[in-house]
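> Here's the feature list from TrEMBL:
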{"type": "ACT_SITE", "residues": "T49", "note": "active site, O-isoaspartyl threonine intermediate"}
{"type": "BINDING", "residues": "S96, T129, D130", "note": "substrate binding site"}
{"type": "DOMAIN", "residues": "40-233", "note": "domain 'L-asparaginase N-terminal'"}
{"type": "DOMAIN", "residues": "252-356", "note": "domain 'Asparaginase/glutaminase C-terminal'"}
{"type": "SIGNAL", "residues": "1-16", "note": "signal peptide"}
Amino acid sequence: MWRSIIAFVFFSVSTCHPTLFHKRTSDISDLISFNASLPNVTILAMGGTIAGSASSSTETAEYAAGSVKVDTLVEAVPDIKNISNVRGIQVTNVGSESLTPANVLNLTHLVLDEVAKDDVQGIVVTHGTDSLEETAMFLDMTVNSTKPIVVVGAMRPSTAISADGPMNLLNAVAVAASNRSIGRGTMILLNDRIGSAFYTTKTNGNTLDTFKSYEAGFLGMILDQRPHFFYSPATPTGKVYFDVKNTTELPQIDILYGYQGLNPKLAKSAVDLGAKGLVLAGMGAASWTNPGNEVIDGLINNQSIPVVYSHRTMDGYSDYSYNGIPAYFQNPQKARYMLMLAINAGYSIPSITEMFSLEY
């Protein structure tokens with residue numbers, strides 16, 4: 001009885017005084033319920049397949065991403081109310097291939113605002129899977145908080161038979177609400193697996209078990225909406241934090257793909273079109289053609305353009321860099337955001353080289 005009275009009083013006060021739960025009235029869903037004994041989790045919705053819709057329940061490839069709003073996603077998973085008090089913020093609603101660094105920077109500012117609130121236990125970001133690992137990596141390097149941040153998506157649209165989005169969302173909220181998740185940085189959750197944003201990559205364009213961390217392994221898994229972690233919290237080797245609270249624009253960084261007979265002039269063209277740095281998705285362990293290396297060498301020596309040599313293979317280690325910067329274990333898309341943040345922070349080329357070398 002007393003618990004019911006206390007919960008009613010707290011709910012009434014928080015409704016009258018928005019600052020107690022930072023409750024907003026525009027572009028968000030109301031709390032689906034309130035239980036004073038449960039933690040509070042904020043869901044930031046970016047769109048993607050998890051919010052996708054198709055004309056048929058059997059369509060899993062042809063659908064419109066970013067069609068369903070966050071309040072509908074939450075309403076479709078009523079068991080969330082048994083785990084956490086959630087509220088949703090619709091940040092954007094598009095396929096993740098359409099997201100830009102400006103979108104990700106805006107999301108980061110929202111996450112920073114939320115983790116600064118004493119009454120928020122954790123954050124869930126719903127996101128399209130195509131570029132999910134990029135956003136997660138950016139958050140991992142720019143949000144210096146022990147509070148759990150979980151980036152979640154789906155491989156089947158919300159209208160599909162056996163849609164994976166509802167269970168993924170339920171599990172993501174469970175991870176964000178758990179004290180066991182504290183101090184683990186930004187995490188990626190799909191298909192009952194919990195991975196570090198620093199290491200996890202999308203490996204298949206279609207299958208449910210696409211997100212993997214081959215070399216580092218998963219952090220844990222979900223059992224009955226309870227996270228089971230294999231290790232105690234640890235910081236990935238070489239992880240650097242960047243303060244972007246006052247950043248309003250990020251420098252352009254382009255990725256060039258390596259292949260037989262590549263056009264060496266594309267590197268200079270990218271710089272001429274505004275790139276402040278380049279990441280090369282090199283062949284094998286980051287190899288680049290001799291004519292291509294000559295052009296890169298000119299950009300480094302004559303224009304002080306930082307160039308990171310990564311690998312087009314899904315995983316691996318690369319210390320080859322000609323006269324550039326080796327990416328070591330980082331794939332091109334993760335190396336791109338590392339380079340972007342370093343340039344934004346004013347790092348010199350030697351400092352950027354040292355940052356990547358911290359992989360050891």
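Glycine too: its Cβ is placed from the backbone N, Cα and C atoms.
Burial and contacts for the listed features, if you can.
Sequence-distant contacts of T49 (active site, O-isoaspartyl threonine intermediate), defined as residues of its own chain at least six apart whose C-beta falls under 8 angstroms from its C-beta, comprise Y63, A65, G95, G128, T129, G153, A154, M155, R156, P157, G165.
Per-residue pLDDT, averaged across the domain 'L-asparaginase N-terminal' (40-233), gives 94.
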> Taking the Cβ of S96 (substrate binding site) as reference, which residues of that chain separated by at least 6 in sequence fall under 8 Å from it?
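Within the chain, S96 (substrate binding site) has Cβ neighbours under 8 Å at M46, G47, G48, A65, H127, G128, T129, D130, S131, L132, T135, G153.
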> Which Cβ among the binding-site residues (T129, D130) has the fewest C-beta neighbours inside 10 Å?
D130
> Within the domain 'Asparaginase/glutaminase C-terminal' (252-356), count helix residues (DSSP H, G, I), strand residues (E, B) and coil residues, in that order.
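So the counts come to 43 helix, 22 strand, 40 coil.
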